[in-house]
Amino acid sequence: MDTLIKEFDVALRAIAGATRSARANPADRLAPDTEQMSAEERRHVAGLMRINHVGEVCAQALYQAQKLTARNGAVRAQMDAAAREEEDHLAWCAERLRELGSRPSLLNPLWYAGAFAIGWVAGRAGDRVSLGFVAETERQVEHHLGGHLDRLPESDSRSRAILEQMRDDEIRHGDAAREAGGMPLPAPVRALMRGASRVMTTAAYRI
């Protein structure tokens with residue numbers, strides 16, 4: 001029962017945007033930069049950071065479901081450790097959205113529920129499949145973060161610092177999942193994941 005209460009609290013905090021980071025925000029060492037951007041640039045960056053915030057909401061749901069369904073204690077611990085770092089990402093993105101005068105996606109409850117269901121299915125398929133799903137997810141997230149870094153205005157050093165640290169963490173999570181025995185996913189599954197990601201990013205940029 002205590003575990004269920006704890007996991008329910010994690011879900012509520014992720015959806016509500018009340019997550020706190022354990023690590024310092026990478027942007028804290030940089031000066032404020034929103035005044036150096038035009039209104040259009042701020043709207044664009046806010047859209048990108050809202051996408052990244054949604055991605056971290058989904059990451060919380062995925063890791064939570066996969067942690068609950070893991071057979072092996074070491075795999076469960078690995079999922080939990082990665083989820084804690086993803087909480088940092090979630091808090092950093094939320095803070096940056098506030099700096100930009102924007103807000104998280106209104107569809108966060110939907111994103112969370114969908115990601116939890118996917119993570120549960122992956123977890124029930126076995127630890128190797130679950131780890132493979134983590135590895136592929138992180139590979140796609142790494143690619144998507146690289147695209148966002150290319151699309152940031154040159155003056156936006158704070159978002160850049162956050163996304164660069166997030167990308168480094170995602171690469172490490174993916175490598176760890178592969179090293180722990182994650183199996184490669186079939187091409188149709190990878191394509192389906194990319195399609196779902198496109199739907200999410202298109203909607204989250206605006207809503």
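Just so it is clear, glycine is given a Cβ too, placed from its N, Cα and C backbone atoms.
According to Swiss-Prot, the Fe cation 1 binding site annotation covers E56, E86, H89, E170, on the basis of sequence analysis. A sphere of 10 angstroms centred on the C-beta of E56 (Fe cation 1 binding site) encloses 24 other C-beta atoms.
Marked as Fe cation 2 binding site by Swiss-Prot on the basis of sequence analysis: E86, E138, E170, H173. In this view, E170 (Fe cation 1 binding site) is surrounded by 25 other Cβ atoms within 10 Å of its Cβ, with every protein chain counted.
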State the count of C-beta atoms found within 10 angstroms of the C-beta of H173 (Fe cation 2 binding site), not counting that atom itself.
25
Are there residues of the same chain, six or more positions away from E138 (Fe cation 2 binding site), whose CB falls under 8 angstroms from its CB, and which are they?
E170, I171, H173, G174, A177
Taking 8 Å from the centroid of the Cβ atoms of E56, E86, H89, E170 as the cut-off, which other residues in that chain fall inside it around the Fe cation 1 site?
G55, A59, E85, E87, D88, L90, V141, M166, D169
With every protein chain in view, what's the tally of Cβ atoms within 10 Å of the Cβ of H89 (Fe cation 1 binding site), excluding that atom itself?
25
Around E86 (Fe cation 1 binding site), how many other CB atoms lie within 10 A of its CB?
24
Cβ within 8 Å of the mean position of the Cβ atoms of E86, E138, E170, H173: remaining residues of the chain near Fe cation 2:
A59, A82, E85, V134, T137, V141, D169, I171, R172, G174
